[in-house]
Amino acid sequence: MSLLTLIRHGQSIWNQQNRFTGWVDVSLSQSGVKEAQRAAQMLSQQRFDLAFTSELLRAQDTLYEILRHNRQCHQYVRIHDTGSQWYEHFEASPAEELELRIYVSQQLNERYYGDLQGLNKDKARQLFGDEQVHTWRRSYNVAPPNGESLAMTATRAIAYFQSHIVPALQQGKNVLVCAHGNSLRAIIMHIEKMTAAQIAAYELKTASPHIYQCNTAMDILSKQVLE
């Protein structure tokens with residue numbers, strides 16, 4: 001048995017300002033820091049064997065807040081996914097074997113919103129109309145100008161999940177993934193076998209842990225959402 005914990009980052013400054021964020025590397029708001037601290041308290045007793053996060057600061061800061069308060073994790077090492085076969089090549093000492101490894105990958109980044117990035121969502125509705133903005137935000141296959149659709153985001157996020165995260169879960173490890181609303185919705189769609197319509201309507205709150213218990217066949221045995 002293994003545990004998979006998925007958590008969206010705490011509120012960012014641009015979340016607070018109701019702006020499309022995407023790959024813009026904005027920090028957590030004060031409320032977002034408090035949300036991350038609250039999630040950290042909820043997960044303080046949970047043992048994690050390894051963690052995964054995106055290249056974006058808001059996800060990483062949420063992850064570090066969780067690990068800082070975790071009573072089972074005392075030290076960790078970051079490993080960047082550079083695409084090179086050598087990126088993880090190092091000899092671990094006995095002490096380093098106790099370190100929690102954090103894998104950082106662009107494939108877990110938020111959906112890329114293209115020309116909408118930085119634009120206030122209410123302003124976008126004024127410019128393009130409610131229906132068009134709703135389609136860009138909630139349809140599965142339609143991408144905003146020069147951006148990604150949810151389907152495109154799902155392709156990269158699920159591929160990374162299958163190649164990097166599933167093998168760890170099948171070894172019985174407890175995994176923490178701290179990422180973004182759309183990359184995590186894609187993973188949730190995959191593991192819960194949701195339809196495109198179901199995941200398009202699925203709301204994922206900031207800093208609200210989703211904890212799945214699964215077996216080696218990746219069957220979901222239980223799900224718990226902490227709020």
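Just so it is clear, glycine is given a Cβ too, placed from its N, Cα and C backbone atoms.
Feature annotations, courtesy of Swiss-Prot:
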BINDING   8-15, 21-22, ARG58, 110-113, LYS121, 137-138, 181-182  substrate binding site
ACT_SITE  HIS9  active site, tele-phosphohistidine intermediate
ACT_SITE  GLU110  active site, proton donor/acceptor
SITE      HIS180  site 'Transition state stabilizer'
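Positions of Swiss-Prot features highlighted on the structure.
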| residue | record | contacts (Cβ under 8 Å, 6+ apart) |
| --- | --- | --- |
| ARG8 | substrate binding site | CYS178, ALA179, HIS180, GLY181, LEU184, LEU204, LYS205, THR206, ALA207, SER208 |
| HIS9 | active site, tele-phosphohistidine intermediate | LEU28, GLY32, ALA36, LEU56, ARG58, ALA59, ASP61, THR62, CYS178, ALA179, HIS180, THR206, ALA207 |
| GLN11 | substrate binding site | LEU28, SER29, SER31, GLY32, GLU35, THR206, ALA207 |
| TRP14 | substrate binding site | PHE20, THR21, VAL24, VAL26, GLY118 |
| GLY22 | substrate binding site | GLU110, ARG111, TYR112, TYR113, GLY114, LEU116, GLN117, GLY147 |
| LYS121 | substrate binding site | ASN18, ARG19, PHE20, VAL133 |
Using a 10 Å radius around each Cβ and counting other Cβ atoms from all shown chains, which of the binding-site residues ARG111, GLY181 yields the largest count?
-> ARG111
Let me know how many other Cβ atoms fall within 10 Å of the Cβ of HIS180 (site 'Transition state stabilizer').
-> 27
Reduced to three states, what secondary structure does DSSP give ARG8 (substrate binding site)?
-> strand
For GLU110 (active site, proton donor/acceptor), what is the tally of other C-beta atoms lying within 10 angstroms of its C-beta?
-> 27
